[in-house]
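As recorded in Swiss-Prot, the features of this protein are as follows:
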SIGNAL    1-20  signal peptide
CARBOHYD  ASN41  N-linked glycosylation site
ACT_SITE  SER166  active site, nucleophile
CARBOHYD  ASN261  N-linked glycosylation site
ACT_SITE  ASP334  active site, charge relay system
ACT_SITE  HIS363  active site, charge relay system
Amino acid sequence: MKWLLVAVLTSLTIFSALTQSHLLHGSPVNSLCADLIHPANYSCTEHSIQTKDGYILALQRVASLGPRLQSGPPVLLQHGLFMAGDVWFLNSPKESLGFILADHGFDVWVGNVRGTRYSYGHVTLSDTDKEFWDWSWQDLAMYDLAEMIQYLYSISNSKIFLVGHSQGTIMSFAALTQPHVAEMVEAAALLCPISYLDHVTAPLVERMVFMHLDQMVVALGLHQINFRSDMLVKLVDSLCEGHMDCTDFLTSITGTNCCFNASKIEYYLDYEPHPSSVKNIRHLFQMIRKGTFAQYDYGYFKNLRTYGLSKPPEFILSHIPASLPMWMGYGGTDGLADVTDVEHTLAELPSSPELLYLEDYGHIDFVLGSSAKEDVYKHMIQFFRAKVKSSSW
């Protein structure tokens, strides 16, 4: 059983096997503004909202101190799995999307979902409670993202631009099928878009799914995946010392990345990875096994109690308004947002998004790639500018 526990916990992380001692001694980051934004000489204010199910979420509002101070429309950045809003600012200001958008005059807002170190609160629950971790990406979409969009909409009194990466695109697709959410969004730009996962090619992910490691984790009584816990770091240390090659762990989880600067791994590990829930991982694995874009599958009887149906309801991509402009960037070496699955998504949408396909780009390149500004972000910004209706910006 001990070897199984080691394998389960180790397999579910993107970064933990790369510099385990760094994770063990790194301290949690509590203020994105103080740690990354202010030192780069950008304006940043902290905001918080409470979701309908009681979670306290942190948002940051970022602006350039230059002449284009927040003259543009609001844009919400939604991170992916095991990440938080810091991922948009980890490279230099000339390379990081959050800073680049601010420099172009956008009113930049940074989302952080429940369970991350920035959004670790709840009105009644502690993070040590099992119930605190009883959520998956459908809750992140229907509660966290939907209510962040509502908050920005109420403050700016205008529709927002939405940017998502990886799990952030899963959340976006699900939320945008809801008319009351879609009507608050001006346009969406999705990096590594995912609604279907049945053609995942990342070798370690395929192995985990085949072995049903998500179900084994539940059997072991775990509810959160936190790669900064002493126990997990020590277990990963043990596994990587003579038992497996951990130097290429990122590729085995995400696919090959062309433009990710591996020399900055230790710096990135000051911030990533962030915690997530075991239930969330199980939901993602269900997507891989079943080939569906559906709500969480509790099994026949609990599905009946929860949904009134024997199978969980699917999110219908054709319910996203055809009038909502969309832009998507995806890569040929992405082991998670596989090209076949992206094409499946495109076939289900009622509109034809603008597309950027980069043959050599992988999953991490779109957020941390050193050449993403020229390869990706300038095209996204051109898309947004074409959708801005105000002539004053």
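Glycine residues also receive a Cβ, built from the backbone N, Cα and C atoms like all the rest.
Remember, it's a predicted structure, so these values are computed and weren't measured experimentally.
A C-beta separation below 8 Å, combined with a sequence spacing of at least six in one chain, links ASN41 (N-linked glycosylation site) to LEU65. For the recorded positions SER166, ASN261, the largest tally of other C-beta atoms within 10 A is found at SER166. ASN261 (N-linked glycosylation site) is 19 Å away from SER166 (active site, nucleophile) when you measure Cα to Cα.
Annotated pair ASP334 (active site, charge relay system) and ASN261 (N-linked glycosylation site), C-alpha to C-alpha distance, rounded: 16 Å. Other Cβ atoms within 10 Å of the Cβ of ASP334 (active site, charge relay system), summed over all protein chains shown, number 28. Cβ-based neighbour count (10 Å, all protein chains) for HIS363 (active site, charge relay system) stands at 30.
DSSP gives ASP334 (active site, charge relay system) a coil state; it is part of no helix or strand.
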